[in-house]
Structures are given as structure tokens and as C-alpha cells.
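Asker: Please see the structure below; I have some questions.
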């Protein structure tokens, strides 16, 4: 019987047939030392694993991912194109690098001279806010990669006002809109593309996935993630130095990761100084003989210091009682679990960092064991950082491939890296689920080896 991966439809929507010769001079010939065009019949499979004795296939354009890159024929006449760029959601290292790459490729490779920066996220397309449009030229974006944040500004929310947003796109007479944003922003991009199709407009919507949590499905790595690991590792190094310099010192570092613990996991492996890493995907007990606090006590007794790294979404089940108030916090206070979601559609979380800080302090006080705990939350220092060189390279390539896709009339898609190849991915497939750390996979196993923590910190009932 054929061994098939779970069925997904990776077909990419197009505005029509590409008939215009590309202004980029490339080749189809191997061995002539000229970069080659990419054909629309070049694909890769999202599933690499196979089992002996089982056949793989059949393959179609639906279960294969379309290769990204410049085509020989394009859909839009570059001299007629008006392109827009918008950044949505929170800050992330590399935003300006992506903007710069898009502008330079449009202007320098395709000859597109009308490029508009939409200010402050989706709200920049809404008439209520009346934000100015920022004309983008090579001179404007030349040095923007040297600073963090977003040249265009950003905001959360507004993406649910799809009709108003498409009205704004029409008012600006945009032919292409590049949407740089995370899961919530790309869900908005999907709705925008659907409304554009409903109106029978020839406007390309191209997403560039932005999430420092690295939780976009199918995408191997999100831009800014490598920079986040660099900065997070620096925070852990500081926590370790504080901990080992004190009597029974404990360093507690809270990192980003609402539903996926990739930053915490990679940081634990990279730092070589983390003794416990806690992520949303792996539940743990606080109390009891096999709980976190008992194991932390053993670590302090043995080595006289400890470092804990916790993702912001970890341990949420420990903080909520039947009344919706975090356990150990009868007054509610800063740990209270807020109902509903934020402007980006994310579920509001209780603060696991402050919760653990309090619980650790109470536990050792009751045990009459002196500790010196230092708590570090570097989240906004990480988000606003300038992209590391490895991320700058990635952002440049993401931006270039996004432009190539848009000029060919591709739409309702994002650019992603899969198996080290840039591909086109349909937005509706990407946003249907989030990527998580597999508790039974090799990454988490390696993290456990790096920290030396127990494989399971749950009490057997």
C-alpha cells in the first residue's frame, strides 16, 4: 500500500496567465554560469520520511509544494504596478530587512517605481485612522536594516475589517500587497484575498510569515528566530552568572512562546547553562516528589545554583482554579487570567514567570532554605533587536522570492522555507494549525539531554 503523508492541498492561486517576458535576464541552461529561471512545474514534497517496503506517491500539484523563484514570464507590467507593503502585529528582528529586500527587488530587478509603505499595520488601510502613506525608494530604505523595529510602524488588530481594508486597497490603486505578519495577520490576509476575488479584482496578496515564536505550520524557520536565540542565550548567560555568584542562587528566565516552546527549547540547548526548561507542549507538576520544586531543591543541594528557562505559555494549567483565579493568588493581581483574546486574536495568558518566582520563594522559605532568586524577562529587548547576520540573509531571500511570486500573479500565499528550499504555500493551509515542539521527537530529547532535567516531572496517581 502506498505511504502517503496527511492530505493537504498546496495548490497556489493565480490571477491569470503570465504572458509578459520578465525584465530579469536569466537562463534555462545548466553550466553557463547564469542563474536559472524557476519553472511552474518544479515542486518539492513536504514529507521526507519513508518506510522500507512502502511506495511513495502518487504526487500531484495538490500534495507537492511549488518552488519559489523568478519565472520567465510575469503577469504584471512593471511600469503599471503600484505595490504596497504592510507590517502587522508585534515587533520581530528582521522586519526592516524584509522591507528593504522587497523594495530593492521591485525597483532594481523589475523596474517598479511606485511602492507605498502602509503605516501601522492594517489600520493604515482604514479611513478612521487617516495615516499617511510612506513612499518607498531605494534611498528611503537604504540603511533601515541597521535598526530594529519597523520602518513603517506596526499595530495589532484591524484585520477583521476586511471590506474596509479592501476598500482602502482599491482607493490606493494597489496591484500587489505584501503582508508581513504572524498567524493572526495571515488569517486576515486570507480573508482579504477572498474579498478581492469576490470583487473580481486583479490584486496579488503575498504573505511573509513573521513570528518570533517560530510556530508557523510547514515553515522550517521564521525570520527573527535565530536572532531571538542569540539574545535569549545572552539573557540565560546573565541569569547563570547571577545564580552561580550567590549562595543558592537561582536564575529564572521567561521567554516568548505562547503555544509553542521553540525559543525556550533552542535556548536551553544553545546556552549549555540551563538546568530546567519548561514549554507549553509538556505539562509538569509543581509540587509532589516528582514535581519541579522537589527537583529544583535537589539541584540546589547538589550544585548550589540553578537556571530555569520557561516559555510564556508553559504551566497555564497550574495557575487557574475553578474560579478562574491563579492558584496561590487569591487577590487576582498581576497573575489573573484575563478572559478572551488580545487585538491579534491571541488567548490572554497568566504570567508564568511571576507565578514561578512566587512559588519558588514560598517553597524554599517553608523549607528554611536560603535562596537568592533573580528573574529576567528579556522579551521586548529581543523583539526590538537588530537582525543577526544569519537572519538578514534569510530576510533578503524571503523578500526577493515574495516579489518574484507577486510579479507572476500568484496570490493568497506565503513564502516559506521547507527542507532548505523556498516554496509557495497557500495561506489557508498554513493557518489551519500551529507548529509545535514534538514531546516525543529528537529536538525535545536533545533539550532534556542538555539540561539534565527529569524526562517527566509528573507525579504518578
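Just so it is clear, glycine is given a Cβ too, placed from its N, Cα and C backbone atoms.
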Asker: Quick check on the annotation: Swiss-Prot has 211, 212, 213, 256, 257, 258, 380, 381, 382, 383 binding substrate, so which of 170, 281, 297, 312 does it put in that site too?
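Answerer: When Swiss-Prot describes the substrate site, the candidate it includes is 312.
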Asker: Report the candidate from 90, 94, 249, 251 that shares the ATP site with 156, 157, 182, 183, 184, 185, as recorded in Swiss-Prot.
Answerer: 90
Asker: At the Cα level, what's the spacing in Å between residue 157 (ATP binding site) and residue 213 (active site, proton acceptor), rounded?
Answerer: 19
Asker: Can you check which residues sit near residue 183 (ATP binding site), meaning Cβ under 8 Å from its Cβ, same chain, 6 or more apart in sequence, and list them in order?
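Answerer: Listed in sequence order: 211, 215, 216, 431, 434.
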Asker: Max Cα distance spanning 211, 212, 213, 256, 257, 258, 312, 380, 381, 382, 383 (substrate binders), Å?
Answerer: 17
Asker: Would you mind reading off the Cα separation of residue 182 (ATP binding site) from residue 213 (active site, proton acceptor), to the nearest angstrom?
Answerer: 9
Asker: Cα distance, residue 213 (active site, proton acceptor) to residue 257 (substrate binding site), nearest Å?
Answerer: 5
Asker: How long is the line from the C-alpha of residue 184 (ATP binding site) to the C-alpha of residue 213 (active site, proton acceptor), rounded to the nearest angstrom?
Answerer: 13
Asker: DSSP on residue 257 (substrate binding site), three-state: which is it?
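Answerer: Its secondary structure by DSSP: coil.
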